[in-house]
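What follows is a single structure, written as structure tokens, with notes after it.
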């Protein structure tokens, strides 16, 4: 029920019902938007990275273009801040070399994260993509202990054990079906590690940009664009692009631009989902989205998977859901404990 929405009149017995329906509708729209953006981005990136019809072997260039477009969109929205209320909350962006240098360590981790994510997707199928990079939760626990000296409860560790078991079973089943790519597995594990490191470094670097996610996104992607250039030269991707037969195709650049827009939008819709629900609900929604994405990929690519292959996916998804649920219960218990100091609550919440 909750409090009445100030935008709606409360008349008779329906005064409390209408705001509830409106809030439920908002949440449903935001969750659907998150699912659509995330799933569409994965399928679109798979096309750009590994489509037989496109035949573009330049994964770093695809990632570089998306980073450049994200930086350009951040700058464009910042310039629109003077246009009126819709953009008034956005900070003014300008490139400060000193801030850029301070953000550089995070940018190196960020490059590792986005590159390994894309390389994992390039070498494995969309259906296995979720399992291939499912160890993020395990690395979160490991790095929290090694770097932050935070211990983890037995139930959370058991959930991590289920995730690891699902990961190994999935690798085994991919091998049994003849579709296993050890290169894809390597980049999936690396992506999981980089996602965990990215969260830790983001928390450290945020004060440098006055706590603004927009500024951090801008500097991160600007730095990434600069760092990608020597990597592309080293791996000969400029030579690949020179011989690419669709470099002048408007449809190719349209798909590239669309991929960059989805990559930019995923951060915004993720924030929206957390704002209108909660971090716990966001994680549950992400787990359910991964399940739907796997099923859609199997149907779209007309694949046939074994019972044990589906079991591995269910173990990864179930372990992730159980870990999220356990951590949510632990956080609620800490928040309700009057003996816990406010600062400790906030730290645990992060």
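If you go along the chain as it appears here, the first residue is 1 and each next one adds 1.
Note: Cβ is positioned from N, Cα and C throughout, glycine not excepted.
On a predicted model such as this, the values are computed, not experimentally measured, just so you know.
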Request  = Kindly point out the range from 307-326, 327-346 that TrEMBL annotates with transmembrane segment.
outcome  = 307-326
Request  = Match it up for me: which of 1-21, 127-147 does TrEMBL list as transmembrane segment?
outcome  = 127-147
Query = Under a criterion of three or more Cβ pairs within a distance under 8 Å and sequence separation of at least 6, are the transmembrane segment (127-147) and the transmembrane segment (252-272) in contact?
reply = no
Inquiry  = Pairs of Cβ atoms less than 8 Å apart decide it: which stretch in 183-201, 213-232, 252-272, 307-326 has the most with the transmembrane segment (24-48)?
reply    = 252-272
Ask   = Sequence gap of 6 or more, Cβ distance under 8 Å, 3 or more pairs: do the transmembrane segment (183-201) and the transmembrane segment (252-272) meet that?
value = no
Task = Please give the sequence-distant neighbours of the transmembrane segment (307-326): residues at least 6 beyond its ends with Cβ less than 8 Å from one of its Cβ atoms.
result = 130-131, 134, 137, 153, 155-156, 158-163, 165-167, 169-170, 172-174, 177, 280, 283-284, 287, 290-291, 294
